[in-house]
Structure formats: structure tokens, C-alpha cells
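Everything on this sheet refers to the single structure shown next.
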Amino acid sequence: MDTWFLTPCSIPYTTTINFHNSIHRKKLRHSSVSIIIFNSSTKDTWRKTPKSTPLRPALSSAPSFHQPYRRKPEVGHLDHSIDMDELVLSINQTENEHELFAVLSPYKNRQLSVRFMVTVLSRETDWQRSLALLDWMNEHALYTPSVYAYNVVLRNVLRAKQWEIAYGLFDEMRQRALSPDRYTYSTLITQFGKEGKFDDALSWLQKMEQDHVSGDLVLYSNLIELSRKLCDYSKAISIFSRLKQSGISPDLVAYNSMINVFGKAKLFREARLLLQEMRSVGVNPDTVSYSTLLSMYAENQKFLEALSVFSEMKEVNCSPDLTTCNIMIDVYGQLDMAKEADRLFWSMRKMGIEQNVVSYNTLLRVYGEAELFGEAIHLFRLMQRKDIDQNVVTYNTMIKIYGKTLEHEKANNLIQEMQSRGIEPNGITYSTIISIWDKTGKLDRAATLFQKLRSTGVEIDQVLYQTMIVAYERAGLVGHAKRLLHELKTPDNIPRATAITILAAAGRVEEATWVFRQAYNSGEIKDISVYACMVDLLSRNRKHTIVIEVFDKMRKAGYLPDSNVIALVLNAYGKLREFEKANDVYTDMKHEGCVFPDEVHFQMLSLYGAKRDFEMVESLFKRLDCDHNINKKELHLVVANIYERANRLNDASRIVNRMKHIGLLRQV
């Protein structure tokens, strides 16, 4: 137990303590705090001597601070005659507010300068002691309040995760007529963001912008990175837009981070265009830029595009690194170019790049997919001879290769081998062996293994669950498959988010919806992808009202939807004939900085057409026609089709003639 609060004793008791200065900084609903303390003479050590004035309420609802009379500053200060190290040590040894004030009492007439005191304060890391020191400066020594002093205390309070007190300190600064500066906001935004309190972090950013305090590149970059880690890519894109609107030039790190964000958001064109933008502003793309782009294309099975980027990389003499080579070995394999993958792997050392276990695992998988089983086995044993640390991925790949040849006993032996080497099988290992047993007609062994895994508490992931469901269905045991799916309504051995994903993949609309609502109400949904998979499932099954329900819950949870979710939500509103709400979503998302692919814009045009709001059709058409990123031919064809369906043939003819005039259609 922290001695700042109490001295240990054998018999604890509960009490409620009203603090004078820490609690007034909290919100009004926290006017007192209950803690467990021990029977001791030193309890309540940081409590001030009671005053006749009542406890101050939260500053957001309180009148302005009564500013005490501040004496004229001393002509000279004792800064140079005081040993700061000794004073700091004395302060650190105090155990309550009274002891602290006693140490500082010789200087209560402000013999020490504000700068000296702020430096002392900056060397204090305990949030309670720093609060008491700030109170002494403001209320006993009557120093003029200093934004630097508040920034130091804010730093300590936030590091201690005292969020309510941080809000109170910020309000207190306002009441004392102090203007929060860039450091104030940067500290608040960064600390709230690091703890996953992203809505709070963004609200601080909004306050900063309202106060006309300019952010810097580091601040915006931190927010982008936090958004990326939380998989909230729309929010990251919105922050990147704010960064540029603030007149700040992104650096190489910011651009590379945004290439990753656009890729994760599946905005492939925007990611590729960033390379052009970088060059236009004098920021040369580096190996990380290209590797990030390559990874994006490979993850989304756009292998030809990846091949094009790799060729461009070589043309501009940008040297590949280990990550680049590993990605390209995989890309070559996916394009049935096993020889090129093999050649790149064995040429890596000539380029000064040492292969790692990922390189070997990737080539192993390429050999397996190309049915080069002899080469795969040779490479697998070569890794062992060269003491390359094999991992669970290595063994999973080899087990899958044996599965292709239906050599289930060899696959089973590999599981025993990996366990003997201290490598634990994972869900993919077990799902692969279950799949092999299913294909070789040994469903009884597959079912026995699955039940054993469930009973021994092994984490059952969605791949393993789905593999067993498919195995039952292939064997005609539909009842067994349905039972497994039904069990997911009340999962006891897997997270509800995983259950939702499995049910959605199986197309079980009612069960997935039921589990989703239960998980949402209990606050268990922490991943934006769960919302996305539900929107996709419900949209495919024409449950448009529930699509809107999930979308509203997603927004209430603080997530910005990606372009695919927005497209499905717009479609749902269109099917429900709620065109105004569709327009609100489209407008709000654009205002928040979401970047849409062409399809979303075209969908909104179609909704305006369905509403017969041709004025809005023309307005959006003209705006999109000025956007150089939009496919102009597709845009004109969409608008012409809208007019044709509405039997406005003159307008349709006008659009077609315009296409001919600007060269989008060949003259016949």
C-alpha cells in the first residue's frame, strides 16, 4: 500500500474522505471518494487543514476563482543561494501536505523565482505531491499562476491515469485566466490517446483548434498512429486531412503511416497516389513506402499491382529490404511464378540481405502451392540442418503440404515432432489436421480431437470452429453442424466477438444478430471489424433496418466507418426510402474527413436519382467532375443512366454528347 495515503496496520476499515484540493478538480458527481485505509495515526496525510470556506465544486460549473491579493514581487531572489538538489530531496522526503508546507515555509514570501519553483516542480514525479506543491505556489506563496507549472502537474496527473483531476486542472487554468498552450494540449491528447480514450483525445484536439492553438507534426502523427493501432482508419484519414489543412507539411514517416492506413481502409488508389504527392512536395518515397504499398496489395490479393510497384521500385533504384523480398516471394508464388520466387530467395544474400524464418516459411508455402513437394521437404530439413529457428508457422505449412498428398500419418507425426521441440500447436495446426482427417474419411478422429480441445480449455478460434462445422456438413451430419452453431449463441469458451464472426461467416443472421446485441449491451465489442462483418452480413440478407441499427451503435461507440460500410449503409437507407438520412450520412462522413472510393459517390448520385432530386444530381455531378481523382467516364455513364431510368432522355442525351465532346466516347 502506498505510504503517501496510509501506514499499514493489521485491521483496515472503510471511510469516505473529502479532499480539499484534489476533489474540487474532479467533476461534480465525484464530490467524495471512498477508499480503504488502515487504522493509523498518519492516515489522511495529504488532507489540508479544514477551512471555513466550503468545498469548491467542479470548475466547469463554478464562478470564476476569487483571485487573492498578490504581494509585490521581491526585488531580488535567492535562486543562486539555494541548493536546488537539497530542496528537491527534502520535498521528496515529505509524507503529507503539512510536512511539505513546512519545508517550503522559509520561502512563502516568494524569495524564489517562478522559474526556480517550476523547475523544482518539474523534478517531482508524484502526482499528489506535485498537486500540493502547485497549491502552495498559488494559495500560500501567492505566485502568479503559471501555465508551465500547470503543464508539469498535468503531466504527472495523466501519467497516474487521474483523468477526472486532469479535467479539473484544465478548467482551473481557464478560471485563473491561463491560456492552455501547445504543450498542454499535446500532453492531454497523447496521454488520453495512449490509454485508448480516443473520443476524449479527439475532443481535446477540437478544443485546441477552437482555441486557435496550432498543433505540430508530432502531435498529428501520434494521433494518426493511435487511430491506426485502433484500426479506426477513417479517423486517421480525417486527422491527416486536418494536418494538411493546418498548413503542416507531412514528413516521410507521416506519409508512410498514411499509405498503410489507406491500404487497411482498402483505398488502394489513394494509397498509390500518395507516392505521387510525396514526390511533388519533395519527399522521396523510401523502401518502407514501397514495402507498405506492396504489403497492401499482397494482403488484398492484388498481385499484379504488387508486381507493378516492385518494377517501379527497381526503376527508381530504391533498394529492397528483407520485408520487400519476403512479400515478393509470396507475390510470385500467388502468380504461379515459383521459379521467380525461388530465384529471388536464393539471390537475397548477393543483395546483402540475410533470409529469416519468414523467408523460409514463405518459400516453403510457395513450393507447397506449386506441388513441388520434394523441394518443400528438402527446404524444411535444410532449415533444421542450418539451425534456422522453425516456428509454428513452419510446421503448419508442412502439415498442410502433407495434407495435399493425404499423408495424414506424416502430418500427425509432425505435430508430435513440434511438441517435442517445444513448439505448441495453435488453432491453425488443429484445424489443418482436422481438415486432413475429414478428407481422408476419418471424421471420428476429427470429432474426438475437437471435443478434446474444447474440454481441455484450448482457445477455439473461428478457423478451428468453422473447419469442424464444414467437416460435419461434408459428412452429411447437418444436425451436428447446427448444434455447434447454436452453441455460439451462448459461447462459454470463446469471446463473443469471435462467435459473431463465425456466425456471420456461416450466414446465420438471427443468431449473429442476437449475440451481437448481447455483446454490445455488455460492452464486449472492442474491434471495429465486428461491426463491419455484421453490416456486411445483414446487407447481404436484406436486413436493412438492422444494418442501420448496427451502424448507429458503431457511431455511438466512437468508430468512423470505412468506405465499404458507408456504401452498405447508404444502400440500406435507399432501400428504406430514407433519402434524407442517406444524405446526412454522406455529408457528415465527408465533413469528418472520410475518403470515399468512386462507388460511394456514384451510389449517392443514384439515391438522388431515386428520390428524383435532379438538382442534387447535377450539383454532385459538377463537383465530382472537378475532382481529378474520379473516373470521369464512369461518372458520366452513371449520371446518363440515372436520367435514362427517370425517362429524362434529353438530359441523358446531353450527358452522352458531353462525353463525346471531351473525348470520353469515340465519335461514330
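Cβ atoms here come from the backbone N, Cα and C positions, even for glycine.
So that you can see what the record holds, here are the features copied from TrEMBL:
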- 146-180: repeat 'PPR' (REPEAT)
- 181-215: repeat 'PPR' (REPEAT)
- 216-250: repeat 'PPR' (REPEAT)
- 251-285: repeat 'PPR' (REPEAT)
- 286-320: repeat 'PPR' (REPEAT)
- 321-355: repeat 'PPR' (REPEAT)
- 356-390: repeat 'PPR' (REPEAT)
- 391-425: repeat 'PPR' (REPEAT)
- 426-460: repeat 'PPR' (REPEAT)
- 527-561: repeat 'PPR' (REPEAT)
- 562-596: repeat 'PPR' (REPEAT)
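Only sequence-distant pairs (6 or more apart) were considered; of these, fewer than three Cβ pairs between the repeat 'PPR' (527-561) and the repeat 'PPR' (146-180) are under 8 A, so the stretches are not in contact. Break the repeat 'PPR' (527-561) down by DSSP state and the numbers are 26 helix, 0 strand, 9 coil. Residues in the repeat 'PPR' (562-596) partition by DSSP class (helix H, G, I; strand E, B; coil) as 26 helix, 0 strand, 9 coil. Under DSSP, residues within the repeat 'PPR' (216-250) fall into helix, strand and coil as 26 helix, 0 strand, 9 coil.
Here the repeat 'PPR' (426-460) has Cβ contacts under 8 Å with residues 392, 395-396, 399-400, 402-403, 406, 408, 411-412, 415, 418, 466-468, 470-472, 474-475, 477, 480, 493-494 of the same chain, all six or more residues outside its ends. With a cut-off of 8 Å between Cβ atoms, the residues of this chain six or more beyond the repeat 'PPR' (356-390) that come close are 322, 325-326, 329-330, 332-333, 336, 338, 341-342, 345, 348, 397-398, 400-401, 404-405, 421, 423. Below 8 angstroms of C-beta separation, residues 217, 220-221, 224-225, 227-228, 231, 233-234, 236-237, 240, 243, 292-293, 295-297, 299-300, 302, 305, 309, 318, 562-564, 595, 597, 629 of the same chain, each at least six residues beyond the ends of the repeat 'PPR' (251-285), sit close to that stretch. Note on the repeat 'PPR' (356-390): its mean pLDDT in the predicted model is 92.
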